[in-house]
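One structure is given below, encoded as structure tokens.
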Amino acid sequence: MGLNSNRVEDFFSHSANTTVTSLKVSTEIPMPPPEEAVEVHNVCLPPKKTTFQKLKHRLSDIFFPDDPLHGFKNQTWCKKLVLGLQSLFPICQWGLHYNLKLFRSDIISGLTIASLAIPQGISYAKLANLPPIVGLYSSFVPPLIYSVLGSSRHLAVGPVSIASLVMGTMLSGSVSSTDDPILYLQLAFTATFFAGVFQASLGLLRLGFLIDFLSNATLVGFMAGAAVIVALQQLKGLLGIVHFTGKMQFVPVMTSVFDHKDEWSWQTIVMGFGFLLFLLTTRQISIKKPKLFWVSAAAPLTSVILSTILVFCIKSKAHGISYIGHLPKGLNPPSLNMLYFNGQYLALTIKTGLITGILSLTEGIAVGRTFASLQNYQVDGNKEMMAIGLMNMAGSCTSCYVTTGSFSRSAVNYNAGAQTAVSNIVLAAAVLVTLLFLMPLFYYTPNVILAAIIITAVIGLIDYRAAYKLWKVDKFDFLACMCSFFGVLFISVPLGLAIAVGVSIFKILLHVTRPNTVVLGNIPRTQIYQSLNRYKEASRVPSFLILAIESPIYFANSTYLQERMLRWVREEEERINESHESTLKCIIIDMTAVSAIDTSGIDMLCELRKILEKRSLQVNDCQVSPNELHYIVG
């Protein structure tokens, strides 16, 4: 194991002697003798390395498991320069082979996702308590940057519901978007900047494993809870309520809905639920028949057009229906001068940026990898972090808020036949045309249709099938899922996320400090030893107790392992006394799964040996195959 210590030598030399004792005991067992002697292989120390070499090798395994510089070996300086540019800018790699056939597919998919991204961008900006035009700005610059830096062919970039909700919730708790809209915009852009810095830093320092602390189980619960809160918040638009709570918990939202029944507008309700039914129907059609993906993709824009025309025609009679109003034309105005780097709200922007950055990064990478696996290509997680981070940093300077890869838009992009990231460029071009020429057409777009679009989009985040699978497979994962879900629903979105992370870390600590230990038995008429609990046909070997440790042994779990193994011994002795079987004479510790051991673990094994020797029990640790273990005990 690479540890030169007298205790190690003493322990393993005793183990070798114990092997002989074990063989002596086994002759008393009426089992057929082995046909040939067991070949003994001595464990040698690894080659000597300096401390620097060991540290370098360890850090390389931790931070560079994929060996990103492998392709640069034995290359000329010119080739290395080309490879470096292709690594930093993936467009330089696939752009060399781009052709008209690929462009034909990308332009179709780009225009298709634009029909979905434009109404969603306006809707999600309202969800973040930002002006609707900011949602369109965020659908223009970020896709352009991602198309140059991103490694996914199918990721469609833009605002997303969860990040919008979290940003709106956290900023609105300290600053009102209606009373001080300029300050609110400053905080939103600054939070986006910090989100980008955090994301790019994770990619640059190759610390992407940190986001793995958000397990799939906690994300399922968090996404579902946030989706329910988002949907309930849209009751304000669906019912036409003017005075509505800014809180994001289930009880205050429902209380506000029924406390303001006098503000409900029947015209808004009829229009809202009518278009919501239309959107949900088109969504179901696309789910049941994937080839008709364009039905649900075009439905939001179709709803916007039809509802706008309807409101324009009846505007003199439908006073209860509110609409967007004036939206400024033109490209994204620069917002570098609006970044807020000092003052009392700086800590708020950093915290908001950190949380929204984690959520958007997790969603973007997960979506990118999902569609990459379907087409059998790889997405570099660290490159994606840098691409999304730089995209948000640049976006914060051009009047954009947090963006990432959206699952709904990426699914449409994939089904529409996207081949490269050029589909994002086509999306940006469509948004550009909208910003320059089509903004007056959105004047009479009713707010209720935006609420219906948001509800339709977030319904897909409630994955009850995944929750049911968690219940069937792992009850602890299901508990983590439910803690996250109810934390978001009844406490708050940020605290719900904190609960999700806390439960995930607790699960990791539980597995680390309480590793699994099992009692092994022999499968009849074989040389295989398996867990007695998992294999009912496995039988105990008389006078032997075979224990398997299924984890590394170190300071965090050494005390637990000692206590647990002594308990196994005590329970085995009690069982033997009750059933009047052969006296327990030998303990075999199967350490095949022990991949590492530290000084605390060695001390524990030495102490365990002494304790058992005082009870006239022999100890034999082994790291052998099932066949060799069979010869030891048989």
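Every residue gets a Cβ built from N, Cα and C, even glycine.
Feature annotations, reproduced from TrEMBL:
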| type | residues | note |
| --- | --- | --- |
| TRANSMEM | 107-124 | transmembrane segment |
| TRANSMEM | 130-149 | transmembrane segment |
| TRANSMEM | 156-176 | transmembrane segment |
| TRANSMEM | 182-205 | transmembrane segment |
| TRANSMEM | 217-244 | transmembrane segment |
| TRANSMEM | 264-280 | transmembrane segment |
| TRANSMEM | 292-312 | transmembrane segment |
| TRANSMEM | 385-404 | transmembrane segment |
| TRANSMEM | 425-443 | transmembrane segment |
| TRANSMEM | 449-466 | transmembrane segment |
| TRANSMEM | 478-506 | transmembrane segment |
| DOMAIN | 534-634 | domain 'STAS' |
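Of the ranges 107-124, 264-280, 385-404, the one with the most Cβ pairs under 8 Å to the transmembrane segment (292-312) is 107-124. Contact between the transmembrane segment (217-244) and the transmembrane segment (182-205) is absent: fewer than three CB pairs lie under 8 Å, with pairs separated by 6 or more positions in sequence.
With a cut-off of 8 Å between Cβ atoms, the residues of this chain six or more beyond the transmembrane segment (449-466) that come close are 119-120, 122-124, 126-127, 132, 161-162, 216, 220, 223-224, 226-228, 230-231, 234-238, 271-272, 275-276, 279-280, 283, 299-300, 303-304, 307, 324, 407-408. The stretch in closest packing with the transmembrane segment (182-205), judged by the count of Cβ pairs under 8 Å and taken from 264-280, 385-404, 425-443, 478-506, is 385-404.
For the domain 'STAS' (534-634), the predicted model reports an average pLDDT of 85. Long-range contacts of the transmembrane segment (425-443) within the same chain, counting only residues at least 6 positions beyond its ends with a Cβ under 8 Å from a Cβ of the stretch, are 106-107, 109-111, 113-114, 117-118, 121-122, 132-133, 136-137, 139-141, 143-144, 147, 156, 158, 304, 308, 323-332. For the domain 'STAS' (534-634), residue counts in helix, strand and coil come to 46 helix, 19 strand, 36 coil, using DSSP.
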